[in-house]
Amino acid sequence: MMYTFWIILTGCLVGLTCGIAGSLLVLRKMSMIADAISHTVLLGIVGAFFVSHSLNGVPMLIGASVVGLLTAYLVEVLNKSGVQSDAAIGVVFTSLFALGVILISLIGDQVHLDTNHALMGEIAFVPWDTMMIKGQSYGPQAVWMLGFALIANVLLITLFYKQIKMSTFDPQFATLVGVPLTFIHYLLMTMVSFSTVASFNSVGAILVVAMLIVPGATAYLLSERFLHVILLSGVIGVIAALLGYGFSILLNVSIAGSMATMTGLLFLLAFLFNPKNGLIIKKLSTHY
Amino acid sequence: MNAITVQQLTVVYDKQPALEDVSFHVPKGSLTGILGPNGAGKSTLIKAMLHLIPRKFGHVNVFGKPYTEQKHLIGYVPQRREVDWDFPTNALDVVLMGRYRQIGFFKRAKKEEISWAKQCLEKVGMLAYANRQISQLSGGQQQRVFLARALAQNASIYFMDEPFAGVDAQTEKAIIQLMKEWKKEGKTVLVVHHDLQTVEDYFDHVLLLNKKPIQYGETQRVFNLNNLEQTYGGKISFLEKSPVLIQGGE
């Protein structure tokens, strides 16, 4: 019973945390950077292990945000020196990810972290990896990390809401009136890194991209206000997690895979039926 | 008194000079039209003056002090197509962005700021659309939202990048009305413009630009066939005393 509860809670927290952070990337037309950071945090996690010799939450969060920011920074540098932005992202994230893969194979016999796990995650193991303090267990580590990332996201968005909105809509005007553009950019990259590393154990590097981008893209089709896109994106992430869990139990298939599939399904529904410019509504209105 | 002094401003794109050694002074209270053929660097010039793009060289002073210390005096109307109008927000919210400095870093807009923004919308005839999603506005209406945002800034110097491009008659009237009002209030206005026929009606000063400044001065003195031919490369003819661009315009 407790086991099921932890898995559902973890899934919902992944949906909420990634949905909120990812919607900002979608609005800024920077979805590809989510793909990059979700892979390069692997290097951060392995790097954190080399420094702290454990797979503990705090070093992992630090390592992931350092590498996440490094990814965003390198992409920016390459981009400014004339490399096309999609190529810059492709070069940076594959190199840093590859470095992470090499390091993992070096320490593979010391930790239960392998490349397969890193790519796909395994939410079913989450409840057993608990936070231990002085021999006492305080619930799954993933839940603690996700809780932290969620609070950080909500806090930062609340504090810098205006700045995030203005720099997304009209960056040049925002600079002119004194919005610190670079600071906001790296703030978002930190939020994405936190969300990614906290979700990593549950859904892995590839499926976390679905949790980051698809709810945001879906909410974008359904809302007319900046705040609504962010909130709705979180809600869609949670719905996808719940539906995905149910689906996986029903068919006895991968939980994380089902959750990601559900985000895609919800997107498809919004794409076809949204009242603003859904495909079906358009077809109907041209016929009648 | 000079509102703006530009000295030796130089901008380079991909090793090609986009602006070469541009220097001029803009007197306070003047209405300046920036003219030149496509690719002459008109938008580049105002963006470089506003430090929105990297500069190779040059200085910009505003009322005798470096631009970076005087940013709060500047209002800006960018080209309409430079932002994504599908962005999920409404007209009032865009205008409130013009009050960012007054609202404060961590604060939310108070009632006074919202009523200020609404007055600005009313001035350009857009109050009825305050809560309208911006993607549902026509091109002219979107331009007027940008005008209202600049108005909300309550600046001393206004930069406008092709505000007349592709707008309806009502919007054109609103822009002219605002420019006149700003001039009356002693504000300085710089406008990137490409319709040569309206230059003499709208502007008291003209900057003729083609990567380098060809001429700057009062419209009466500077805006003549000789200077225009130099700027546009001999593609100009005068019809009924109004210069008409034969080729190379939009």
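Backbone N, Cα and C define each Cβ position, glycine as well.
All annotation found in TrEMBL is predicted automatically rather than curated by experts.
Pulled from TrEMBL, these are the features on record:
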type     : residues  : note
TRANSMEM : A:6-26    : transmembrane segment
TRANSMEM : A:33-51   : transmembrane segment
TRANSMEM : A:57-75   : transmembrane segment
TRANSMEM : A:87-107  : transmembrane segment
TRANSMEM : A:142-161 : transmembrane segment
TRANSMEM : A:173-194 : transmembrane segment
TRANSMEM : A:200-222 : transmembrane segment
TRANSMEM : A:229-247 : transmembrane segment
TRANSMEM : A:253-273 : transmembrane segment
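Packing against the transmembrane segment (A:33-51) from elsewhere in the chain are residues 22, 25, 59-60, 62-68, 70-72, 75, 89, 92-94, 96-97, 99-101, 103-104, 107, 111, 113, 118, 189, 192-193, 196-197, 200, 205-206, 208-209, 212-213: each is 6 or more residues past its ends and has a CB under 8 Å from a CB in it.
Ranking A:57-75, A:142-161, A:229-247 by CB pairs under 8 A with the transmembrane segment (A:200-222) puts A:229-247 at the top. Contact between the transmembrane segment (A:57-75) and the transmembrane segment (A:142-161) holds: at least three of their C-beta pairs are under 8 Å, each pair 6 or more apart in sequence. By the Cβ criterion (distance under 8 Å, sequence gap of 6 or more), the transmembrane segment (A:173-194) is not counted as touching the transmembrane segment (A:87-107), fewer than 3 such pairs being found. Outside the transmembrane segment (A:142-161), and at least 6 residues removed from its termini, the chain residues within Cβ reach (under 8 Å) are 6, 9-10, 13-14, 16-17, 20-21, 24, 57, 60-61, 126, 129, 131, 184, 187, 191, 194-195, 197-199, 201-202, 227, 230. Beyond the ends of the transmembrane segment (A:229-247), by six or more residues, the same chain brings 7-8, 11-12, 14-20, 22-24, 26-27, 157, 211, 214-216, 218-220, 222-223, 253, 255-256, 258-263, 265-266 to within a C-beta distance below 8 angstroms of the stretch.
Counting residues 6+ beyond its ends, the transmembrane segment (A:6-26) has Cβ neighbours under 8 Å at 33-34, 123-124, 126-127, 139-140, 142-143, 146-147, 149-150, 153-154, 157, 164, 168, 188, 191-192, 194-196, 198-199, 202-203, 208, 211-213, 215-217, 219-220, 229-231, 233-242, 244-245, 255, 259 in the same chain.
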